[in-house]
Amino acid sequence: MQLTIKALVGILTTISAATAVSFDMENLGAEKRGVSGEELHMLHGNEVLARFANGVYPEVANGTRVSKRAGGAEVDLTSVGGGTAWAVKAKIGSNEEEVTMLLDSGYEHALVAADSDYSPGKSSSNENTGEKFFAGFLTGGGNEGTIHLDDLSVGGLKASKFAFGYTKNRDFSSNQKLGGILGMSLPGHVDYVPGFKNHGWGGFIQTLKNQGVIDEAMYQMTLKGDGGKLSIGEVDDSQYEGDLETLMNTGKAYGHCGFKGTLNGEKHNFLLDSGTTGIAGSYDSVKKFLQGMSGVELVEEDKRGSVTGKVDCDSMPSFKISVDGKFDVKLSDDVMKKYDLGNGKCLLPIYGYTNMPKSYSYNWIVGGAFMREVSVVCKFDSNEMQIARQ
């Protein structure tokens, strides 16, 4: 998710002030070590803030399997942090060095860490453009370096002389298993990385299309709690039930796939973001939504400028999203009860923030909590998107 410079400055200020709570999703490893539901909720909430500075998630498991067909490819995804983010393997450079990258549907470009398995000096196809870049991901400290051009492939689909940021900073993760970020957002949205924009260097999917590797700039993302599938340049009909519904992509101006719908009857425009854990909107809009729900106690934090809800775990309300009136999706019980406080109370997977612009009173971000229930087809050269139940 990207915003204007003005909006980002305010958000980065909040993020920088909140560094006492680590944004590093290596702390999701702490989920396995017995971190409380309250701490986990705060970590995930801080990631929502970090998304507005292009936040990502470290901690990576095993490799991915690839199925390549003419005109496209399908890749198995690795679930990260208990189904809150998803990773894929990429091969970079003339030696095809393998780097594990997090899929980020809210960021257009790619980032490769200097301490990953990729070494520019060992790749005969590498070119250091000398063009500087800066990308703030987690604390606001930032990742900076130079933009490199080299071959990058996923699932056997190679983008030649692909532009990515090469950085010695690790403001996106201290986890050595994660070597980069692979942006998947649509082109043309607000872009505050001028080094890429000034030269017309686009993201991975658009580059594949421009170079004739795929016929259509598109991907299908099917996320699951224990993995998932990414299809590039094609659609895998086995990944969904029933029919794919074709809808107007109301998130295109934001670089997302998005649709109009309702959450428990309240109208919103939903922006799909694989890098966000739950649901996020502006402070006032989320507060009003929660106040309208029976049995919900508001939890407000002035320091972070955040609001969420606390409920009895045994009387958990339902979150039902209507997808443009075509079908309904109910968030799963494991998602709704993920933030168990251990005293019979649970925090809800929804966040409101004062630093989110007014447009996010109507535009709400929906992440993995919703996307785990659907299969989404995002088309770059169309004003439409497609979606179906898994």
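For all residues, glycine too, the Cβ spot is worked out from N, Cα and C.
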Practice prompt. Identify which of Cys257, Cys346 is listed by Swiss-Prot as the disulfide partner of Cys313.
Written response: Cys346
Worksheet item: So which one is it: of the disulfide-bonded residues Cys313, Cys346, which has the fewest other Cβ atoms within 10 Å?
Response: Cys313
Worksheet, complete the sentence: CA pair Asp104 (active site) / Cys346 (disulfide bond), Å rounded to integer, equals 28
